[in-house]
Amino acid sequence: MLATEARQILSRVGSLVARNQMRAISNGTAQLEQQAQPKEAQEPQIKKFEIYRWNPDNAGEKPYMQTYEVDLRECGPMVLDALIKIKNEMDPTLTFRRSCREGICGSCAMNIGGTNTLACISKIDINTSKSLKVYPLPHMYVVRDLVPDMNNFYEQYRNIQPWLQRKNEAGEKKGKAQYLQSVEDRSKLDGLYECILCACCSTSCPSYWWNAEKYLGPAVLMQAYRWIIDSRDENSAERLNKLKDPFSVYRCHTIMNCTRTCPKGLNPGRAIAEIKKLLSGLASKPAPKLETAALHK
């Protein structure tokens, strides 16, 4: 009796599975047929892009927004794909930076839909009823169109001396032997070294907008902390001394726009807080877990 009922249940389950498989095959076939249709037979997906334009060579011309229409069927999924398509097929005068197309180099940083991010990893909103506005990074001088002037930003980065500094470099085998670092000390650099210097965080910070000449900004300060906390670096005290003025660090008011907008998911606000703790004496740099110059003897 039980065996008979079990066979009936298994039979019904088998029939149900078979029907579901047939539906899946049917749906898959329909999708393939739709994809196989020529693009002319498919309904266009026209997306409007409103892009900031300004050419300094045109004397007296003010910045303006120019609208382009892109068929999303013939374009890659990212905003950078659309910009490249516009430049290649519609308007070769459109100017922007780009390089790796993988979120690694930081070249294509811009303000997209009100958020500072990287065009190469920012997906296009497929809602064609809304246009997408694209601006250069805010509160920076503009070279042309979507290209900001990064000179001040890079000069600030240069001023923190972003390289490993040792007190006895002359007596060490520089370039011939590694400086040792424990796993624990190395882990302190996680969330710091990944910064690609795209400036999305700094240009989203109101304090940086108001004090760009004196306040170093989230990106540069996070890199400063990366070298201050590195167990192999022996110049941390001097690095901190350079940050003791009222502006370099203390213009940060923990607004935290920097952390919200970082396309790499980093936390510049936390790094700045750690620098403040070191400057105030609430914390100190711990001694290295390993003798860093052991291989140089």
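Cβ atoms are placed via backbone N, Cα and C, with glycine included.
Matching Cys120, Cys262 to the [4Fe-4S] cluster binding residues that Swiss-Prot gives (Cys195, Cys198, Cys201) identifies Cys262. For the [3Fe-4S] cluster site, Swiss-Prot gives Cys205, Cys252; the one candidate out of Cys108, Cys258 that the record lists there too is Cys258. It is 16 Å from the Cα atom of Cys120 ([2Fe-2S] cluster binding site) to that of Cys195 ([4Fe-4S] cluster binding site). Comparing the binding-site residues Cys100, Cys105, Cys258, Cys262 on other C-beta atoms within 10 angstroms of each C-beta gives the minimum for Cys100. Other than Cys195, Cys198, Cys201, Cys262, the residues of this chain whose Cβ falls within 8 Å of the Cβ centroid of the [4Fe-4S] cluster site are, in sequence order, Gly106, Ile196, Leu197, Ala199, Cys200, Ser202, Pro218, Ala219, Met222, Cys258, Thr261, Pro263, Lys264, Leu266, Pro268.
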